[in-house]
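For reference, the structure discussed in these notes is given below.
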Amino acid sequence: MTERTPLLNYRLSASVNESERQSPQAGHAAEQQHPRGPRHRSDNEGQSRKLSTFFGVVIPTLLSMFSVVVFLRIGFVVGQCGLYQTFGMFLVAYVIISLTVLSICAISTNGALDAGGAYYMISRALGPEFGGSIGLMFFLANICGSALYVLGLVEAVLATFGIPEDGIITNHYQVLNSGYWWALLYGTGIALLCLVVCLVGANIYAKATFLIFIVVMVVLLTIFISFFAVTPRVVQLPAEATLNPSGNGTLGPITANFTGFKLDTLMGNLWADYTRDYTTGTMMTFATVFAVMFNGCTGIMAGSNMSGDLKNPSYSIPRGTITAVIFTFIIYNLLCVLEACSCDRLLLQKDYSFLRDINIWGPFVTIGVYLSTLSAAMSNMIGASRILYALARDDLFGKVLSPAKKTSHSGNPWMSVLLSWFLVQLVLFSGKLNTIASIVTIFFLLVYAAVDLACLALEWASAPNFRPTFRYFTWHTCVLGIVGCAVMMFLINPIYASASIAFMLLLLLLIHYLSPTSSWGYISQALIFHQVRKYLLMLDVRKDHVKFWRPQILLMVANPRSSVGLITFINDIKKSGLYVLGHIQLGDLSTLPSDPLQSQYDSWLSLVDHLNIKAFVNLTMADSVRHGVQHLLFISGLGGMRPNTLVLGFYDDCVPKDTLIDPTLSCSQSVDLSSPSHDIEGDSPPFHFAPLRGTSDKLGQSADGKALSPQEYVAIIADAMKMCKNVVLARGFNEFVRAEALPAQLFSQAKSVVFIDVWPVNLLRPDSCSYVDTCSLFLLQLACVLNMVRAWRKATIRLFLCVEEGRSVQGAEQKLGHLLKELRIKAQVYPVPWDQQAALHWQRQGDFNNTSRLSDEYLTAVNQLVLDQARPPPAVRFLYLPRPPADTRRYASYLHQLELLTRDLGPTLLIHGVTPVITTDL
C-alpha cells in the first residue's frame, strides 16, 4: 500500500469469538445448576477450546495493534511531532489503553469467561441494556472496519499494480484496470476470501493469522536490519508531495535523504515541526497527529474476544494482552528512535512509504502492508459474526436476529458469518470510507470505556463474588481509563463522539423497554444496595424533626383482590414516604416442611408493578393476626425508615369484591390476573392470590376459615397506639376509583369540583370541641398531604366546624381560619350547628373515655349530619378516630359505634394521630 491511502490512518481492532452450542434458555438454566461456570458447555464446545495464550491472544492482539500503522505512519508521527513529543504521545496513549487492559484482565479473571469477548463482559456486568447497545455498536464497528480494510487493501494493490487514470504505464507490472466498478470487483473478491476463511471456522483463521504473523515479523526484522545495512541514499519523493503547499502550481523539493545514523539528523528531528499532510492538504496539529497515532495503539481486545476459543481464558487473556501491549510499545519506540536518527525531516514528512525505499528488499514492506491489512479485514469480519451470534443467542432484539443463531456441526455460526459478509459487501458499495473511519475508532473507544465502566461498577458495588485473581487495578484506574477514552473520542472528532454516545443511549432505552428480563443479574441493583445501605446508616432517628415529618405507612392487606382501591389511594397519601404492604398468614412454621411465604413474594411484587405503586412488601407468619401485626410494626423498615402509621381496613359485614377482575371497580387492567396464562411484565409470574370467601376476608384469615374477631381487631388498634403509631381505619374503598383517575374524571364534568371533607372534631365526644389537639392536627396534615399530590391538586379541602348554640360562630371560624393560615393549609371552613345531635347525647358526666354511653340514636343522627353536609359528595372523608376504651370488654361496643358513625359515608378514613406532625416554625 502506498502513502496515498489516508483511510489507513485509522486502526480498527479485531474481535473474534467462538460461539456456544446452546440456546440462551438452556444457558440460563445451566447458570443455576452448574457451579463451575455460568453455562454448561457441550462436548463439542469443549473440544473447540484449543487455542493457547500465544495463538489465541498474543498473535491476534499484535496483528490488530500493528496493522499498517507500523509500516506507513510511524515516520509521519516523528516527522510532524519530533522525537520528544512522539515519546510523550506514545506514553499517554499507552497509559490510556493500559488502564483499559487492567479492567479487561480483572473481569476476565473473575470466574468463567464465556464466548462473546467484550460484549459478554459488558452485558454480564452492566446488564442487557448496556451490553446490548455496546454490543450492537461493536458489531457495526467491526462491519465497517472490515470493509475499511478491504478497501484499503484494494487501494494498496491498485497503487502498485493498477493502471493510472491517465493511462500512462510506467512499470511492466501495472496490469490491473482502475475505476469504481473494478475496485468494487476486487473488494468483493477479497471479501469472499475472508468469507471462506470465516466459514471454515476459527481454527483455520488462527492458522492463517499465525502465517501472517510470521511474515509480518520477518518484514519488521528486515526493517530493523535495513537501518544498519543500507547505505545513505537519496529518496525520490511522491509526485503529490512535491507540489508547493501554497497551491500556486510550483514544485517543492523532489528528493529527500536517508542519512544513516548521524547526530545532526537526530538533532533536527527532536522538536515538533507541523506541516500540511500532503495526502489531504490539512494542516497538522498535535491533536490530529495524536488521533492518527492512537489508532495504531487500539486493538487491545482482539485477544479477549477469542475467549470462546481459549483453553483457559482467565489465564491467557491477562498474560497474552499485557505481553502484546508491552511488545508493541517497545517496537514503536525503537522504530521512532531509528527513524529520527537516520531520516531527515523532509523524508519523514513527505514520504509515508519511505520504509519501502530504504529496505534491503523493497517488496518486503509491500507484502507486510498487504498481509496486515488482509488480517485486519478478516479479523473484523469474523469478530462481527461472533458478536452477532452472541447478540442473537441472548435474544436482546427478539426474533429479528433469530436466524443468526444457526451453527454448523462443529459449532461455527455460519449464518452470522454470512450476514456479516453481506453487510460488509453493502458497505463496500460506498467506495470510500474516509468519512466513517473516525467514528469507527470512536465506537471502539466507547467499548473500551464501557469495559472500564463495568469494572468500576463491580468494584464500587463491593459484591462478595467479585474477586478477580488479577488484582493490579483499583477504581482509580477504571475512572482514569474512562476519562482517557472519553478525551480521545472528543479529540478525534467531537461531533462523531457526541453522536455515538447519543446513539448508544438510544439503543439502551430501546433495549430497556423492549427486551425481556434477563437472568444475568443487574449491577445497578448491587450499586443501589451499596448506596442505600450507606445512606440508611447516615439516617439518624435522633435527628428527626417535625418540620421534616412525612407519613411512613404500613397497610395491612388480607387479600389484594378486595383492596386495590385502598392500596392505590394510600400510595397517593404517603408523600414520598415509606410504604409497606403487610400480610399475615396464620400458621406455625414448626409444623410445616418449608416457609410458605417465600413462594408468595413474586405475586406480591408483581402486584406492586401492575398497580404502579411505590411500595415494599413484608409478609409474616404468626399464630394470630394480632401477633402478626405486632411483628410487622416491630420489624418493618430499617434504621430511620420505619412505619409511623398503621392503616387497617374497616371491620364490617360488607361483602368484598374482586377488583383485580372487575374493571368497573378500579382502574386496574380488565383481565383476570389470577389466570395461570396471564403474565405480568413479560417474564414476571402471574398472581396467585386466593379467591375471596365472603366477609371473612378482612385483616387476616386462617387456613380453616376462622375469621378475625371484633375483639382482636380493636386490640390491634390499641396495640398500635401503645407503640406510638398513628392509626387509620379505611372504610368504603371497595368501590373507590383509582386516585389518579378520579380527579381527571370529575374535573372533566362541567362545573364539577372534587372535595376532600375533614371533620377534625371527635364526634364521639360531643362535649369536646377542640380543633387543636394532636389528632385533629394530624387529620389536617394528611388532608393537606393528599391535596399536594399531583392528581389531587385541583381538589378542594372542606373543613367542617361543629358549633353549639351560645358560642360565637364567627369567633370560632376566625380562630380556625387563623390556625389554617399559620399552618399554610388552604381550606374552606363551613360552620355546622349540631345542637340537635348533641342533645341526643344522654349523659355528659362520668368518665369521658367511656364511649359506651353513646346511644345508637345519637350516632345515627351524627352520621346523617355528615351525610347532609356533603353536597356535592366528597371523594373521601377524614374523620376523627377516638382511642379504644381502656376496658377490653367494651371493644365490641366501640367497634359498633364506629360502624354506625361511618355507615354509607363512602370512602372514609378514621384517623388517630399520636405524634405532632405540624409546626409553624420556619
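Note that Cβ sites are derived from N, Cα and C of the backbone, with glycine treated the same way.
Remember, it's a predicted structure, so these values are computed and weren't measured experimentally.
Annotated region 'Disordered' per TrEMBL: 15-46, in sequence order.
If you look up TrEMBL, you'll see 15-25 marked as compositional bias 'Polar residues'.
TrEMBL lists 51-76 (among others) with the feature transmembrane segment.
Annotation source TrEMBL lists domain 'Amino acid permease/ SLC12A' at 56-554.
Residues or ranges marked as transmembrane segment by TrEMBL: 88-113 (among others).
According to TrEMBL, the transmembrane segment annotation covers 134-159 (among others).
Feature annotation from TrEMBL assigns transmembrane segment to 179-202 (among others).
Non-local neighbours of the transmembrane segment (209-230) in the same chain are 55, 59-60, 62-63, 66, 70-71, 258, 260-261, 331, 334-335, 338, 342, 355, 358-361, 364-365, 367-368, 371-372, 374-375, 378-379; each lies 6+ residues outside the stretch with a CB under 8 Å from one of its CB atoms. Residues annotated as transmembrane segment in TrEMBL: 209-230 (among others).
According to TrEMBL, the feature transmembrane segment maps to 283-303 (among others). Beyond its flanks by at least six residues, the transmembrane segment (283-303) meets 9-16, 56-58, 60-61, 63-67, 69-70, 73-74, 76-77, 80-81, 85-86, 89-90, 92-94, 96-97, 100-101, 104, 117-118, 272, 274-277, 316-317, 320-321, 324-325, 328, 332, 379, 383, 438, 441, 444-445, 447-448, 451, 488, 491-493 of its own chain at Cβ-Cβ distances under 8 Å.
According to TrEMBL, the transmembrane segment annotation covers 324-347 (among others).
Annotated transmembrane segment per TrEMBL: 367-392 (among others), in sequence order.
According to TrEMBL, the feature transmembrane segment maps to 413-430 (among others).
Annotation comment: TrEMBL describes 436-458 (among others) as transmembrane segment.
Here the transmembrane segment (470-489) has Cβ contacts under 8 Å with residues 95-96, 99-100, 102-103, 105-106, 108-109, 291, 294, 318, 442, 445-446, 448-449, 452-453, 455-456, 459-460, 496-497, 500 of the same chain, all six or more residues outside its ends. Per TrEMBL, the feature transmembrane segment maps to 470-489 (among others).
The annotation transmembrane segment is assigned in TrEMBL to 495-514 (among others). Outside the transmembrane segment (495-514) by six or more residues, the chain places 128-130, 132-134, 136-137, 396-398, 438-439, 442-443, 446, 486, 489 with a CB less than 8 A from a CB of the stretch.
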- Message: Using Cβ distances below 8 Å and needing 3 or more such pairs, separated by at least 6 in sequence, tell me whether the transmembrane segment (413-430) contacts the transmembrane segment (436-458).
- Response: no
- Tertiary contacts of the transmembrane segment (367-392), defined by C-beta under 8 angstroms and 6+ residue spacing from its ends, are 1, 8, 12, 14-19, 60, 63-64, 66-68, 70-72, 115-117, 119-120, 132, 135-136, 138-139, 142-143, 145-146, 149-150, 152-153, 156-157, 190-191, 193-195, 197-198, 202, 205, 208-209, 212, 215-216, 219-220, 302, 305, 308, 401-405, 407, 413, 416-417, 419-421, 423-424
